[in-house]
Structures are given as structure tokens and as C-alpha cells.
Amino acid sequence: MCTKCPYTCHDTSDATEFSKLICEVRKEFETTDRINVDRIKSILAGYKSNRIEWEKYTTWDHHRYTRNLVDEGNGKYNMMILCWGESQVSPVHSHPDSNCFVKLLSGVMQETIFALPSTEPGSGSKKLVVKGEQQLKKDEVSYIHDSIGLHAMENPSHTEGAVTLHLYVPPYMECDVYDIRTGKISTSSMTFTTKGGLPVVT
């Protein structure tokens, strides 16, 4: 049985498709720490979003997006659901030594990718340079790693929320956050609003 999976992985007769997705991802890392990016993207893309199956992991905050842990992946990854209110946006941030997969479960999301600023002595603080933008629609999957660049996520809708499924391999507890105008770096700690659908007590 997969620890913290919602059902016995070898008996899927009464499981939802989202529960199957949780354990399919877990099985990918049972015997190895190596990551096959295309394989993981294919697994995530194969799940057709059904709100009834994942809604228990959602929480909403009028002031900021929420991070809701779905599965800790035996320390090999974090799977989480993020809920984005109208016009909510993340800061520009890195993913330290981690592979980041994002699947859109509902709504629309805008992803902006920025070039990693130079760390050469004397380079100084500079406005971040945009490398590309894309708009994610339901069930689409994106991938980013620090070798590609930094990114920011935004719900562009002024009337509807959005929900995204994130997979971070391996998990991380801190990341660098960048001022878009100056490139100045600060450190942000990763926190969760809920774990397994239950509020985190602080």
C-alpha cells in the first residue's frame, strides 16, 4: 500500500481517476530517484480534470493564493494543489535544484518565464528579462527548471478563480524570490494552507 495514498495501489476498482494519478506518480519513484520529464508530463496530461475528485484539497483566500499538500511522495517529491483567486499572482521565483510541473485543473493561468539574472561580480541589480509567456488551459501541462529560467504564475481572470496541480521533484523548503524591476533577491519559505485536505495548525 502506498503510504498516504487514498487506496491500495494494487486494487483500483473503487478509486477515482485523481486517486489513481496520485499513486501512478508515486510508483514512478518507488525504485529510482531519477526523473523522466517526458514520462511525468505524459502521466499528468493523461488525467482529465474532474472537480469532484480533487475539490477536497481546495481552499481559498481573498488576499493570496493557497498551497495545499496532496502527497509528500516519501520525501522524493511534493504534489500540491494551488488555488488562485481572481487576478492573484505569484512573485517571480526559482525552483532550487527541483523540477516543476504544473497542470491546470480549472480556469486559465498565465505563465511568464524570465532569464536567470547574472551573478557575475559587478553585474549589479537589473530589471528581469522576459524569455517567454504562455497561457495554460484546462488539462494542459507546463514544465520549468532553473536551467530554463525563473517564472511567475498569474490568474488573468477578474471574475473566476483557477486551480493548478503542481509536482516538485525533489521537494524544497525555500526558494529565491526576485524583484521584477531590480532583480533583487530575497528568500521565501514554503508553507502549506492544508495537508491532505486538513488545515495546517500553526
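Heads up, the Cβ atoms here are built off N, Cα and C, so glycines get one too.
Note that the structure is a prediction, hence the values are computed from the model and not measured.
Annotated in TrEMBL:
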type	residues	note
BINDING	H93, H95, H151	Fe cation binding site
Worksheet, complete the sentence: Counting only residues outside H93, H95, H151 in the same chain, those with C-beta within 8 angstroms of the Fe cation site's C-beta centroid are S90, V92, S94, C100, I144, D146, L150, A152, C175
Worksheet item: Per residue, counting other C-beta atoms within 10 angstroms of the C-beta, which of the binding-site residues H93, H95, H151 reaches the highest number?
Response: H151
Practice prompt. Work out the three-state DSSP category of H95 (Fe cation binding site).
Written response: coil
